[in-house]
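Scroll down for the structure; my scribbles are underneath it.
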Amino acid sequence: MIPAAVMDNHTENNYNYGAYFAPYRLEGVELLGAGLTGEDLAAIPEHWLSYPAPPASAHTMLALVYVFFTAAALIGNGLVIFIFSASKSLRTPSNLLVVQLAVLDFLMMLKAPIFIYNSIKRGFASGVIGCQIFAFMGSVSGTAAGLTNACIAYDRHSTITRPLDGRLSRGKVLLMMVCVWLYTAPWAILPQLQIWGRYVPEGFLTSCTFDYLTTTFDNKLFVASMFVCVYIFPMIAILYFYSGIVKQVFAHEAALREQAKKMNVDSLRSNQNAAAESAEIRIAKAALTVCFLYVASWTPYGVMSLIGAFGDQNLLTPGVTMIPALACKGVACIDPWVYAISHPKYRQELQKRMPWLQIDEPDDNASNTTSNTANSSAPA
């Protein structure tokens, strides 16, 4: 029970008190963080402690949505990892990046049980330790996924714009993957150790992310640096490489039409070349779709972090901030299904290994099966 004198003083000088008194600001209304003490209460930005606790139905709805996202992501990404790893025809250098993206999306949803548990308990039930685990896994998977999408865009750009010598070697792809993890490490570890930035609860206090609400100079610099290095740089790379692909495809098609017109024929492509090019374009479309989903899912989070650090924080209500969190998790369960729909060889392998899925994907190389089989046993 808080003494009356303290309460009177708190009413007159509300702005002079920190997070400790925040849960008691509205009489008769249960606010976010009510009942928390010690380090759990200290970990929550004071901004959230001035809002009423959401109804139980909101927590239940979010928990159900996360259950669905988790099932879809773990099944979908698990299939991608299994098929691309088990099939020799899919063990290409470029597909190593696809597998890495699936692993990161898998990791993104492995932390969902913490959110579901918090939602069932209707608050910050997992405490500081659960919050740190949740935020760290989200930081690693989100940052590395953005960079991996940029690497996939570069790979597609190199393959399509330079078809003769543009395919990446296994060594180059492995080097790119190592660079992705080295680049990701500081942005995940520094807030974890509270050397620069920190991880805090957000929204309904059931999820955690980096602190974008503390208005100190160091924290604003951290938010701005993370926005540029983790969001803007991969975005620029993705847009640059895919705009190059579109430009190359249009120029190539225009040149073919012009040459065919001069030769007075309908098309210069043979059936085999047309099928091969169609497969490349389909793979490029799949990668483009995945990258578009990345941009669409992380842009709300980027904008929200800038508003929190440099704008009007009153715009960031608990309900509003849960929307970007849902968008980030949604893309983790959509990515593998995009590959399943658009990657022809992946669909062929699924068709072979799981015929009960009723996938009807024609074999583009059926006419060359005999010669390919004979050559596969020959020395390199």
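Placed from the backbone N, Cα and C atoms, the Cβ positions cover glycine too.
Annotation source TrEMBL lists transmembrane segment at 61-84 (among others). Counting same-chain residues at least six beyond the ends of the transmembrane segment (61-84), those with a Cβ under 8 angstroms from any Cβ of the stretch are 90-91, 95, 98-99, 102-103, 105-106, 108-110, 112-113, 115-116, 119-120, 204, 206, 322, 326, 329-330, 332-333, 335-337, 339-340, 346, 349-350, 353.
The average pLDDT the prediction assigns to the domain 'G-protein coupled receptors family 1 profile' (76-339) is 86. Residues or ranges marked as domain 'G-protein coupled receptors family 1 profile' in TrEMBL: 76-339.
As annotated by TrEMBL, transmembrane segment applies to 96-117 (among others).
Annotation comment: TrEMBL describes 123-152 (among others) as transmembrane segment.
What TrEMBL records for 173-190 (among others) is transmembrane segment. Note on the transmembrane segment (173-190): residues 93-94, 96-97, 100, 136, 139-140, 143-144, 147-148, 151, 154-155, 196-197, 226, 229-230 of its chain, located 6 or more positions outside it, place their CB under 8 angstroms from a CB of the stretch.
What TrEMBL lists as transmembrane segment is 221-242 (among others). Listed by sequence, the residues of this chain that lie at least six past the ends of the transmembrane segment (221-242) yet keep a Cβ under 8 A from its Cβ atoms are 142-143, 146-147, 149-150, 153-154, 156-157, 187, 191, 196-197, 210, 212, 288, 291, 294-295, 298, 302, 305-306, 308-310.
For 360-380, the entry in TrEMBL reads region 'Disordered'.
The compositional bias 'Low complexity' annotation in TrEMBL covers 365-380.
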